[in-house]
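> Sequence annotations record features per position, and here Swiss-Prot assigns active site to Glu333 based on sequence analysis. Per Swiss-Prot, the feature Zn(2+) binding site maps to His332, His336, His342; the stated evidence is similarity to another entry. Swiss-Prot lists Cys307-Cys387, Cys347-Cys371, Cys350-Cys355, Cys414-Cys427, Cys426-Cys449, Cys458-Cys478, Cys490-Cys502, Cys509-Cys559, Cys524-Cys567, Cys537-Cys547, Cys554-Cys593, Cys587-Cys598 (among others) with the feature disulfide bond. What Swiss-Prot records for 196-392 is domain 'Peptidase M12B', and it gives sequence analysis as the kind of evidence. Positions annotated as domain 'Disintegrin' by Swiss-Prot, on the basis of sequence analysis: 400-486. The N-linked glycosylation site feature in Swiss-Prot is assigned to Asn178, Asn215. Look at Swiss-Prot and you will find 1-11 tagged as signal peptide, backed by sequence analysis.
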Amino acid sequence: MLVVFPYQGSSIILESGNVNDYEVVYPQKVPSLPKGGVQNPQPETKYEDTMQYEFHVNGEPVVPHLEKNKGLFSEDYTETHYASDGREITTSPSVQDHCYYYGYIQNEADSSAAISACDGLKGHFKHQGETYFIEPLKLSNSEAHAIYKDENVEEEDETPKICGLTQTTWESDEPFKNTSLLIYTPEQNRYLQAKKYIEFYVAVDNRMYRHYKRNKTVIKRRVYELVNILNTIFRRLNFYIALIGLEIWSKRDKVNVQSDVKVTLKSFGKWREKKVAATQKEYNAQLLTRIDFNGNTVGLAALGALCSVKYSVAVIQDYSKRTSMVASTMAHEMGHNLGINHDRASCTSCGSNKCIMSTKRTKPAYRFSSCSVREHRRYLLRDRPQCILNKPLITDIVAPAICGNYFVEVGEECDCGSPRDCQSACCNAATCKLKHGAQCDSGECCRKCKFKKAGAKCRAVKDDCDLPERCTGRSAECPTDIFRRNGLPCQNNQGYCYNGKCPTLTNQCIAFMGPNVKVSRDSCFTLNQRGKGCGYCRMQNGAKFPCAAKDIKCGKLFCKKRNSKICNCLISPDDPNYGMVEPGTKCGDGVVCSNRKCVKLQRVY
């Protein structure tokens, strides 16, 4: 019989802050055996792949099922710090036997958990619609833990925190509601449902290093907890985040970290761009800093820039003791990178909690609103960012292969996740080998564990400018995407093919504003000759340059809703290319946009 000793406390100081109402529990580990009876022998590790605990909340038993987050670190994960003489020291530690878990509550469909088990249980879980936090009490010779709700934590600073991204929005959010009526094609559904991967790099500035008393172990544990929560949040969007590197600026900052968040973001973006150029490895990067940004701002990121060479970055103020608060900000800024705007007043689908893309932050958030999900899907279908579809290359892997992390590595034939998560009929989840008689596990050219016949269509035509791809009969993967020659007419002569797409002004307006929109009248585009406000052709070092008269439809995009006469445009102060007419767009008969100029087809194709 399980024995627990809960009691109520009035006030206590925990690692996460002052808590004025809490319950003390003594989590008991629950032995777990598969239905067959005896477990297969596993390599000796400090932390088990799966664990179960039981404790009581408000007198009711709660049993979290926890599974090690095997995809938390990439196989070529590195850690970098700097010696006292400024020398860069980079190591490739073995971090696969870690103590960071995700999971669910037994017998609860809509539940979740993100827990670290490094030194007791610390994290949060959702139980019966409420979010609870658990944390060890650090009492000598005691397994006591505190459980509390968010509203029981005394605020360090009651001022609502905000994101630094500001931009114009359409005069109503009606178009975003209408997007829910769109019906996706089978090809679009396959793309949206495909697993997506973000290779993630975290830099910690010198202020944060000094704030945590130059203790790299404490900093690493905090970052790991943050990324574990981030993973739990983004799994709902079918994204898997792999930490590929952690860099601690232990000697001095590598970028210009200022209270002006925009200056810091720009400086960090340039640093990342140089680092990517040196390593030829693409990733999304965030800078964690202890500097106090101006006003109530705690983060900033570029919108829709996840795969951008220059803008796939964000800066985050480590403003709270509570990892849940900082992780919510990290998720918010990564959401911007994934093309998601701030929520509008009508976007309420996160229960009693605030949604992640809320404009103000006073409490932790763990879910995206339905508006955010629609905007994210629209960004994916419009921009088709390729960097998120690529698993890390086997040739990049340095550390030993880990079966069960969804990454097919050296020595593996497949990897469908843990035995509990695996849904493949072709892959043995315990060994990461194909089952007897199977040729493949997944891929557009794999069906019922066999290669599809040569000539079978594996990628349908997406539009006028695309060409179908067919299986070879020798591989599970669909051949490289090919498309019609640039410059050929498309969509009833409304546009010209450009890199497999048919970019038109109308399609771009629909992509930004939803259905029932049109391109604005020509007089709106003459604003691009002003070189200020919403009208310009290019921006450099903050200065806006006007369009020549013949190039006005290659600058800012202007759209209208129904019979509106307003000249609508969309801008982002952090991405000068946001809301601009796309390259290759038809700007007249026989002419297209190239480098913000309207030029003849023959010159560019």
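Glycine is treated like the rest: Cβ placed from N, Cα and C.
The model shown is predicted, which means the values in this text are computed figures rather than measured ones.
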> So, by DSSP, how many helix, strand and coil residues make up the domain 'Disintegrin' (400-486)?
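With helix first, then strand, then coil, the domain 'Disintegrin' (400-486) has 0 helix, 15 strand, 72 coil.
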> Out of Cys307, Cys458, Cys509, Cys524, Cys537, point to the one nearest Cys414 (disulfide bond) in space (Cα versus Cα); all of them are disulfide-bonded residues in the record.
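Out of the listed candidates, the nearest Cα belongs to Cys458.
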> If I take the alpha carbons of Cys478 (disulfide bond) and Cys524 (disulfide bond), what is the distance between them in whole Å?
44
> Quick one: among the disulfide-bonded residues Cys449, Cys537, Cys567, Cys587, which has the most Cβ atoms sitting within 10 Å of its own Cβ?
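Of the disulfide-bonded residues Cys449, Cys537, Cys567, Cys587, the highest Cβ count within 10 Å belongs to Cys537.
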> Tell me whether Cys559 (disulfide bond) sits in a helix, a strand or coil according to DSSP.
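The three-state answer is strand.
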> What is the total of other Cβ atoms whose distance to the Cβ of Cys307 (disulfide bond) is within 10 Å?
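Its Cβ shell of radius 10 Å holds 17 other Cβ atoms.
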> Around the Zn(2+) site formed by His332, His336, His342, list the extra residues of the same chain whose Cβ is within 8 Å of the site's Cβ centroid.
Cys163, Leu165, Ala301, Glu333, Gly335, Ile340, Asn341, Ile356, Met357
> Among His332, His336, His342, the binding-site residues in question, whose Cβ has the most other Cβ atoms within 10 Å in this structure?
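It comes out as His332.
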> Hey, of the disulfide-bonded residues listed (Cys426, Cys502), which one tops the CB count within 10 A?
Cys502
> Cys509, Cys593: which of these disulfide-bonded residues has the sparsest Cβ neighbourhood within 10 Å?
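Among the disulfide-bonded residues Cys509, Cys593, the lowest count of other Cβ atoms within 10 Å belongs to Cys509.
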> Per residue, counting other C-beta atoms within 10 angstroms of the C-beta, which of the disulfide-bonded residues Cys355, Cys414, Cys559, Cys598 reaches the highest number?
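Its Cβ has the most other Cβ atoms within 10 Å: Cys559.
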> If I take the alpha carbons of His342 (Zn(2+) binding site) and Cys554 (disulfide bond), what is the distance between them in whole Å?
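Each residue's Cα considered, His342 (Zn(2+) binding site) and Cys554 (disulfide bond) end up 27 Å apart.
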> When the Cα of Cys458 (disulfide bond) is compared with the Cα of each of the disulfide-bonded residues Cys355, Cys509, Cys559, Cys587, which one is closest?
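Of all the candidates listed, Cys509 is nearest in space.
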> According to DSSP, which kind of secondary structure is Cys593 (disulfide bond) found in, if we only use helix, strand and coil?
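Note: Cys593 (disulfide bond) is in a strand by DSSP.
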> Roughly how many angstrom lie between the C-alpha atoms of His332 (Zn(2+) binding site) and Cys554 (disulfide bond)?
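His332 (Zn(2+) binding site) and Cys554 (disulfide bond) have their Cα atoms 31 Å apart.
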> Let's check the environment of Cys478 (disulfide bond): how many other CB atoms sit within 10 Å of its CB?
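The answer is 19.
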